[in-house]
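Pulled from Swiss-Prot:
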- 1-169: region 'Sufficient for localization to Golgi membrane' (REGION)
- 1-17: topological domain 'Cytoplasmic' (TOPO_DOM)
- 40-598: region 'Heparan sulfate N-deacetylase 1' (REGION)
- 40-882: topological domain 'Lumenal' (TOPO_DOM)
- 231: N-linked glycosylation site (CARBOHYD)
- 351: N-linked glycosylation site (CARBOHYD)
- 401: N-linked glycosylation site (CARBOHYD)
- 599-882: region 'Heparan sulfate N-sulfotransferase 1' (REGION)
- 667: N-linked glycosylation site (CARBOHYD)
- 818-828: disulfide bond (DISULFID)
């Protein structure tokens, strides 16, 4: 109690005036604190008239500081997040947002774009305790800074808990404050600056691909740059630059020497302030070094989950050797330069070798000086790699006879043997990439017959542009690799006459499109031409400068491999690309130009009946075939009326094989082909494949009660003597546990899984628009087929409609409707259709009713969303569920 007594004595000696004075001081302090936080919370950028001057000399600014408490940074936990990037954009068409997406797509990183919410809902960030995103990118960092309190806290807590970083861009405009503090951060921004001479901070921890040994001399693009300044140890500069002149930045001070200081244009937040790591850019991605650092930022903030290895494989093809007009070909000095440059490039790319593609027919068809160049080139035959073009440089798709095509190849091979050119490289390129994609079957067969070709390349798969979408595939035992352009074409032979000026070529090389191609692709096959190596030798100029630039600015390890080994490496990296995706050749003009004129897209079906099995698809197939304007496919010797192209191994036989199942169209416009394959419905690959080849097709599916469908499939298997179906009862099949045999589980899946109607229709809706899909009531098709066929005709939009009431008749013996022929006779389906089965046992029906309850509810929601009528069986089932 002595302390209490002392306090009482002290209070007796303190005057009331002193107490009031202390209370006044306390209130002032409280008001000051409250105003600071309230005022700071409501602004994205705070004016900073007396911001501390940046000390931006060498070493770079951002001196360590411990003024603010440090928070531990949560380490990235790859197993807890999906490798998906969430990109917040200003709009779906904003330039910076598209550039960010383009880099992610080029790197084959998965992403999701969202319009940046101001006060809207934040996308769901977690799913069952797992983070949905490994990285957050804001096109406009102020959209993040100014998030409403709820969403900001939600996002920040997610980033801390799951170790997720943020990349943000600040793009100044005419309304931007010249000097401001970023709300809630110990970071100052100085905007609308012109900068020059950019350098890289060698101490930056995020550097991976970027090599910090160079300075990019000269003016940086634009005058709207923002630089960052802070005294907090959480901020580390990544890129630094000088201002163009001290006069242009009065808000940074009037020191005459200030313009020579370095200012951070990209800054890394190490997470010491609030536990979240960030990388902030003071401009967009127009500056090439920003693209390079952006790639490193993505890698660093995701713990290299979203990054490519440093190895880059490069192959330079020189097409049209011996081909070319006089004046465009290589002479003796050009050939020597080619050989010397190859040796020079080997200093940076071990065993680098130019790959020469020849057409022997044109040997010695230039001037005397050019013919001497041909001779010298052949004397160096062992110094280069070689691959065949066509003998006469003809486009293979123009040859419809495989034997004639093979004869042309044999002439080129004879020329090669006579001149000591190796013929076992296993690689070939078709002139203009003709016949590679779209596939010309005769080319692939002739290549294998004459040359034993294993690898080719094309720039046309799946399309020429955008180049970042080019992919590889394997067809008929031949690996097809994506081929890249490098800014050089047959007509670009003089440096000073380069389109747009020589500076355009240098821009492509030094940080431009060619540089980015190597940066973002593990394997690059470049297409050049003979004419690029004569005259000004732009081919040599381009690749010497490219390799030099890559060596100066990156840590990439440049390598090369012969074509076959390169293809094997490619499909080791991108194994998911082995399966091709056949597209409609008539949807791309370039594809149509290199597709045989004997083929027509009118031969493709306009309607697919996709199933599922045991719902009445064969009956619908028969009814459609009765229409005079509708023609079905020819039957298959293996799968009868079904082609089964899009869901299985037949797909790899190609579109020529597929088209053979349909008649050559007549001159009438009413031709309407269709095909029915009931196992397309629940196939995971069929929707995407079908939509690629038949993007405008209509799709029909028939649904019956999934319990009845499952039982019908079981009985179908028993009728075909399936030993598993004969051994087990239906109830045993559908209730089998996870410990059941693989064969029993397989039968169970074929009974149950196709009945997940909503799941499968959703997959088709991801490939086709809802107005291209019609869901038919299988029960109604069985009882009132004419009514259903009226709906189908309207859906298809056929010119001539027929009255199915007059063409269908019920056959009491069969128990279903059949085609009515002259004289009152009927044509019905075969004996395998309309079988009589025992009634399903009550326990099985009860089990399936419960099993499919949620699936049927989802189906009803989906059909409502599609604007389609609920089948009668579904309405009854839902009513009983209630």
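Placed from the backbone N, Cα and C atoms, the Cβ positions cover glycine too.
Here the features listed in Swiss-Prot are painted onto the structure.
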{"residue": "231", "record": "N-linked glycosylation site", "DSSP (3 states)": "coil"}
{"residue": "351", "record": "N-linked glycosylation site", "DSSP (3 states)": "coil"}
{"residue": "401", "record": "N-linked glycosylation site", "DSSP (3 states)": "coil"}
{"residue": "818", "record": "disulfide bond", "DSSP (3 states)": "strand"}
{"residue": "828", "record": "disulfide bond", "DSSP (3 states)": "coil"}
Integer Å distance between the CA atoms belonging to residue 828 (disulfide bond) and residue 351 (N-linked glycosylation site): 71
Nearest of the recorded positions (231, 818, 828) to residue 401 (N-linked glycosylation site), judged by Cα-Cα distance: 828
Neighbouring C-beta atoms (10 Å sphere around the C-beta of residue 401 (N-linked glycosylation site)): 10
Length of the line joining the Cα atoms of residue 231 (N-linked glycosylation site) and residue 828 (disulfide bond), in Å: 87
Average pLDDT across the topological domain 'Cytoplasmic' (1-17), rounded to a whole number: 51
Residue among glycosylation sites 231, 351 with least C-beta crowding, 10 angstrom cut-off: 351
Count of other CB atoms lying within 10 Å of the CB belonging to residue 818 (disulfide bond): 21
